[in-house]
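Working notes, beginning with the structure itself.
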Amino acid sequence: MAAKDGATMRRSGSHRSQDQSEMACGNDDANPITGTPLSNATKEKNPEAPAPPSPTDLDVEATKTATITVTAASSKESISSGNPADPEIPSTSTPTREHPLSQGWRPWLVVPGGFFLTVPTYGLLSAIGLFLPYWHDHVVADEPHTEADIAWILSVFSFLDNVFAAPAGIIFDRLCEREGKTAAEVGKGKSGINWLASPRLLLVAGRAAYLVGFVGLACSDTYDALVGSMVVVGVSAATPTTIAYTVASQWFEPQGGGLDLATGLISLGAPLGGIFFSLALHALFTHFGSGWRSAGLVLTAVLASFVVVACCLVRTNPVLQQPSSSAGLPLRPADAAREAGRGASESVRTLGQDIVRMLRSIEFWPITCAIVVYELVLIIQWGTIPLYAVTVGASSEQFYLMLSHNVGAIVGRTVPLWLSDRFLGPLNTTLVMNLFTLLVVLAIWLPLGAASMVALYAAVVLMGIGTGSFVPLGVGCMNVLATPETVATWFGLIYGVAAFAALVGNPISAAILARYQSDWLMAFLAGVLFLGMISAAALRWRLRGRASKVARVSSG
């Protein structure tokens, strides 16, 4: 009985709902907007016309139209102002990765892996100036080569490391993309992983070639042999250095997710490695004297130990599923809005189109100019501090000056990166550190460095803090301007341009010291740093108004 009453009440409710709907909509002959009955003449003019939409259908269409209008307006505003789209709108621009970003202990294993990749490359570069007087006095002493000539050998390392970062970054991004597609197919029960086309093999091959280059360097006893071996070392160093600084973006969220801090910890391999190799080279050169071959082979064995540990810890975090709004690499929100109306075939982008997109980006060139400047200053610091000490009559202090510089760089690669990650953002922090370094040159090193040993040590330590922050903060700025899937390509292209600064840095500084003495070198550094500050300020102006201290504005 209760069930019957319930059924009756449901039927009654259904009839009432139908009656209310008819009352709201009127009959089929009513105007859907005003509810006014249509005349017979109107019906006769178009007897086969479809029934007009109900107000419910109109509400749905109005909602869709409003949504499209709001989205289009937001996209138009993003394009005109350069700001990213409203984060409140659900976005499909975040790819699905094999491991969640910034979660668990696995991302933090990549940090020591990147650190051990950085030690034998940038760590050795941090102390590379110590090779200059040693090779001049012991390896090529019988040949008519000046210290400026030997400085070119050191520059070959930095130049090739940077210029080959471009193909290394492009290949790394493509291999990671392929790895993600393969991993997704494996998850669906398809083919297995092809280890011959994996980023891991790229890393191992680059490291092996790097060690082979140092074996050749140890066996070199002429100027030409040193140059040839250094070519192998420089080319092979591009792969591990590029992977070390960009793989963290596959594991950590930017802007509060720990990416800047992780990058800073990875970059600690440069100053800590510089300290280690300053002491190691001093011990090797003292112990073996003129026996360069023995010293070089021992050095190669030490480098190999770091390489093995790094290869065991570094892993990629491939994208298993790309966002539905992009058929290739993720697009910048403004670019996605521009390309929303294009066909699916036009959204498939080739490698050449990706590179052209980066080169045509307005943000690409200011950050490139700034990093070129910072690379030039850093290379000059690494390569000429020992020569500067000899020039000002403090040759016995050259090892300790290099040590002091790298101690300062430890602070520079941690504290500014923590401030960037938590408070300022990478670009604002870059401007602060640029100004700090410029003031050190103008207020301490230029007026007092050649006259006071205390002032020289203070300047070297403070310069280590300033210049030590430039590389990780530069990578942080790239993480702002690029997606994790393209940051290695950005890194490679930018440092490919910066390679020319690395090539000329040591010879220029050696020539200035030989011809114009130390004050002119400091004046040159001040001018270069001022140019870098202008470039960074131009990029900051370009990105003005971005949320989260220069928010992410990825460009594929």
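Even glycines carry a Cβ here, placed using N, Cα and C.
Marked as compositional bias 'Low complexity' by TrEMBL: 63-73. According to TrEMBL, the compositional bias 'Polar residues' annotation covers 74-83. Marked as domain 'Major facilitator superfamily (MFS) profile' by TrEMBL: 361-556. Per TrEMBL, region 'Disordered' is recorded for 1-101. According to TrEMBL, the feature transmembrane segment maps to 108-132, 152-172, 193-213, 225-247, 259-285, 291-314, 364-387, 431-448, 454-475, 487-514, 520-539.
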Report, as numbers and ranges, every residue of the chain located at least six residues beyond the transmembrane segment (520-539) whose Cβ falls under 8 Å of a Cβ in that stretch; write 'none' if there are none.
-> 363, 366-367, 369-370, 373-374, 376-377, 380, 384, 388, 427, 430-431, 434-435, 437-438, 441-442, 445-446, 449, 477, 508-509, 512-513
Two-stretch contact, the transmembrane segment (454-475) and the transmembrane segment (259-285), at least three Cβ pairs under 8 Å = yes
What same-chain residues lie close to the transmembrane segment (364-387): Cβ under 8 Å, and 6 or more beyond its ends?
-> 125-130, 132-133, 147, 151, 154-155, 158, 162, 274, 358, 398-399, 401-402, 405, 430, 437, 460, 463-464, 467, 470-471, 474, 477-478, 481, 490, 493-495, 497-498, 500-502, 504-506, 508-510, 513, 521, 525, 528-529, 531-532, 535-536, 538-539, 542, 555
Taking a Cβ cut-off under 8 Å, which residues six or more beyond the ends of the transmembrane segment (152-172) line up next to it in the same chain?
-> 121, 125, 128-129, 131-132, 135, 199, 202, 206, 223, 226-227, 230-231, 233-235, 237-239, 241-243, 246, 351, 355, 375, 379, 383, 488-493, 495-496, 498-500, 502-507
Long-range neighbours of the transmembrane segment (431-448), counting only residues six or more past its ends (CB under 8 A) = 377, 412, 416, 424, 455-456, 458-459, 462-463, 465-467, 469-470, 473, 519, 522-523, 525-526, 529-530, 532-533, 536-537, 540
For the domain 'Major facilitator superfamily (MFS) profile' (361-556), what is the mean per-residue pLDDT, to the nearest integer?
-> 85
Of the stretches 108-132, 259-285, 487-514, which racks up the most C-beta pairs under 8 Å with the transmembrane segment (291-314)?
-> 108-132
Does the transmembrane segment (487-514) reach the transmembrane segment (225-247) with at least 3 CB pairs under 8 A, where each pair is 6 or more residues apart?
-> yes
For the transmembrane segment (108-132), find every same-chain residue at least 6 residues outside the stretch whose CB is under 8 Å from a CB in it, and list them.
-> 147, 150-151, 154, 157-158, 161, 210, 237, 240-241, 243-245, 247-248, 251, 262, 265-274, 276-278, 281-282, 285, 303, 306-307, 309-310, 312-315, 382-387, 398-399, 402, 405-406, 409, 471
Where else in the chain does the transmembrane segment (225-247) make close Cβ contacts, counting only residues six or more beyond its ends and a cut-off under 8 Å?
-> 110, 113-115, 117-118, 121-122, 135, 139-140, 152-154, 156-165, 167-169, 172, 199, 202-203, 205-207, 209-210, 212-214, 216-217, 219, 263, 266-267, 269, 307, 310, 314-316, 471-472, 475, 487-488, 491-492, 495
